[in-house]
Each structure stands twice: as C-alpha cells, then as structure tokens.
Amino acid sequence: MITCLRPGFETFKGRMRRTSSVKLLKVHEVPDFVREPAIITGYRPLPSTAKDCLESLFIPSNETINFWTHFLPTWFFVWKLKEIANTHDFFNDPYHSPVFGYMVTACLYPLASCTAHAFSGMSELARHIWYFVDYASLSIYSFGAAIIYTSYSFHESFYSSWIRFVYLEVAVILAIVCTLMACSSRFVEENGRLQKSLRLGAFVLPYLWDNVPLMYRLWTCEDKACLESFDWHFYQFLSTGLGAFFYASHYPERLAPGKFDIIGNSHNILHVCGILATANQMNAVLIDLEHRKHSFTQNGWILDEFWSSACLILVCVMNAIIVSGFSFYVWRTDLKRKDVTKAE
C-alpha cells in the first residue's frame, strides 16, 4: 500500500516545493551538527529567517512532520484540560488539584518541542537555545507525571512505606539534574556515544523513577480500580517502549537511507509514540482518580498541595535558570567566535 501511495506523495512534494521560496538542502550541504543519521534530503538552510522557518512547515521538509505531530496534540491536550476543568474542581478540592499541574506540564512539552522544531533553523545559536527549552519541558513533564502517579495510581502499600517520603523529592532532583545532562549533551557532539548516553539517560532516569512503583501495582493488580485502568497503563508502557526503541536504533531510516527523510523516520515515530503514551497516561490516571477517591480520602492519602503548586513552580524556575545559563554560555561563545572571525 505504501508503495502505491509513493508516486502520489512524490508528486505532492514536488508541487509544494515549487510554490515555496525555501530551498531545501541535501546532507552534504549542511553543517555536521544539523545532520541526522541516514537522513539524506529535506534539510532547511541554516541560517533561515523566521518567515522561512514557518514556511518550511507547509512543505515536505524533514522537520514538517516533527512539528505537526506535536503542534496538533498540544491543542488537543489544552482542550482536554478544559474538559476536565468542567467536571473537576482544581482549586477548591485538594484531591483534584494535582490534575491541573500535571495537565499544564502535558501541554507544555509538545508546545516546546514543536516550537524548537519550527525555529531551530534560524541559526546555530537559536538551535541550541530552543532545544534547551525542549529538554527542560520534558523534565518538567516528568515531575508532573510523578505528581499525578503518586496522587492516584500507586499500590496502597506505597502510601505507608518509606518510599512515599522520598519519591517526590527524588523526582524534583531528577527534573533538575536531567535537564543539566540533556543540555550538556549538546557540547559533546564529537563523541556520539557520550552524547547519546547523556541524552538517553536524561529521559530514561526520570521515566524509570516515575514508573517503577506503578509497575509494582500493575504486577499485583487485583482490585477493580486497578483492573479498570490496567489496559491504559499498559498502552502507555507499550507506546513509550516503542518510541524509545526507534529513537535509539534510528530505524527504519538506517535500513533504507533517504527513503524516510520526510515521513516515517525514527524521530517522527518517537513523537507519535510519545503523544500516545501521554494520552494513555491521562486516561489511566483519570480512571484511578475516580475509582480511588473514597479510599484515598478516607485514609488521608491526599497529596499535599505544596507539591502540585509551589514545588512544581520551583521545578519550572530551576529549569528556566538552567536554560538561561546554558543559553548565555552559547551566546557568549558565539559572540567570541564572531569577534575572532572579524579580527582575521
């Protein structure tokens, strides 16, 4: 079926490119730090104007699908937040208040991602800064997931164990340290293995910390509330696992270099899997929220609002400081390089 569609898609690509002023480049025409493994064509010129960056999102470039697979879900999640707000009192009911903080983080990360993919072509400096913002938004989202899980989704034994008292503290630390790791990975591009390790570690560590207690609950799943949400939690794990596999392996483009430059490459798949994981996560925790309200209220297991308000703001502020620090560093480095070039 894909083979049958390819001629039509190639015709569409040709027509779109002829109507655009943006000239797309091949891999040998762009700097090394822009190149992606097994992606041969569809690169945007660097530097580009903001207008050209926006225009490139409406032609078949290798950032087009990356942009739309996060831009559209952002507004779906905003709509979802509005719908949940119609039936849950975030600000007067302490039991429901964690949902608001979580939903804000779930809207934030795809918005930051699509903005990074849209405007990273403006310059090398802009590319660094926008991806710093992207990494920070993922770390903030990881803390939002920790808040929502500890509020509604863990095994009952969690709430009377020692881990309850350190779980969110460690999640805060990871949301800060992992942003440092991800941002640092942009400065070791000459060492591909170290760069990949830092970046994967920055995403894997908070994910594992967030989800291991949930895995235990699902492993021992017996009560009705757990059975009701089990499938959605499982789909979240499945989507995340698939996304991680494609991101780490660079399949399918490594199997056929140049064939998945515009659509169907590993980064496209990562975006889709990530959004599906978040949507499944939302469905699961909302089921847990409804089914466990009585027992959680009765046992005094309602999360202190400090975590979903003041502490979440603290995590955002710390990430903003980290992004500002790295951005200042690359700006100063860029300025010094330009001064040296002028002197020569």
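Just so you know, glycine gets a Cβ as well, placed from its N, Cα and C.
Annotation comment: TrEMBL describes HIS117, HIS267, HIS271 as Zn(2+) binding site. Its own atom aside, the Cβ of HIS117 (Zn(2+) binding site) has 26 Cβ atoms within 10 angstroms in the protein chains shown.
Tertiary proximity for the transmembrane segment (99-119) is limited to same-chain residues at least six positions away from its ends with a CB under 8 Å from its CB atoms, namely 50, 53-54, 57, 63, 66-68, 70-71, 73-74, 77-78, 80-81, 84-85, 88, 90-91, 126, 130-131, 133-134, 136-138, 140-141, 143-145, 147-148, 151, 271, 275, 278, 282, 285-286, 289, 308-309, 312. What TrEMBL lists as transmembrane segment is 99-119 (among others).
Sequence-remote contacts of a segment are chain residues at least 6 beyond its ends whose Cβ falls under 8 Å from one of its Cβ atoms, and for the transmembrane segment (131-152) they are 98-99, 101-106, 108-109, 111-113, 115-116, 120, 158, 164, 167-168, 171-172, 174-176, 178-179, 182-183, 186, 202-203, 206-207, 209-211, 213-214, 281, 285, 288-289, 292, 296, 302-303, 307-308, 312, 315-316, 319-320, 322-323, 326-327. TrEMBL lists 131-152 (among others) with the feature transmembrane segment.
For the transmembrane segment (164-188), the list of distant contacts is 128, 131-132, 135-136, 138-140, 142-143, 146-147, 150, 158, 194-196, 198-199, 201-203, 205-206, 209-210, 213, 307, 311, 314-315, 318-319, 322-323, 326: same-chain residues at least six beyond its ends, Cβ to Cβ under 8 Å. Feature annotation from TrEMBL assigns transmembrane segment to 164-188 (among others).
Here TrEMBL flags 200-220 (among others) as transmembrane segment. Beyond the transmembrane segment (200-220), the same-chain residues lying 6 or more positions past its ends with a Cβ under 8 Å from any Cβ of the stretch are 135, 138-139, 142-143, 145-146, 149-150, 153-155, 158, 163, 167, 170-171, 174-175, 178-179, 181-182, 185, 226, 230, 233-234, 237, 240, 244, 248.
Within the same chain, residues 153, 196, 200, 203-204, 207, 211, 214-215, 218, 266-267, 269-270, 272-274, 276-277, 280-281, 283-284, 287 sit at least 6 positions outside the transmembrane segment (232-248) and bring their C-beta atoms closer than 8 Å to a C-beta of that stretch. According to TrEMBL, the transmembrane segment annotation covers 232-248 (among others).
The transmembrane segment annotation in TrEMBL covers 269-287 (among others). Through the fold, the transmembrane segment (269-287) approaches residues 65-66, 69-70, 73, 77, 80, 84, 99, 102-103, 106, 110, 113, 145, 148-149, 151-153, 225, 228-229, 232-233, 235-236, 239-240, 242-243, 246-247 of its own chain, all at least 6 residues removed from its boundaries and within a Cβ separation under 8 Å.
Feature annotation from TrEMBL assigns transmembrane segment to 307-331 (among others). Sequence-distant neighbours of the transmembrane segment (307-331) (same chain, 6+ residues past either end, Cβ-Cβ under 8 Å): 97-98, 100-102, 105, 125, 128-129, 132-133, 136, 139-140, 143-144, 147, 150-151, 168, 172, 175-176, 179-180, 183.
Same-chain residues that are not part of HIS117, HIS267, HIS271 yet have a Cβ within 8 Å of the Cβ center of the Zn(2+) site turn out to be GLU63, ILE65, ASN66, PHE67, THR69, HIS70, SER113, ASN268, LEU270. Sequence-distant neighbours of HIS271 (Zn(2+) binding site) (same chain, six or more apart, CB under 8 Å from its CB) are ILE65, ASN66, THR69, HIS70, SER113, listed in sequence order.
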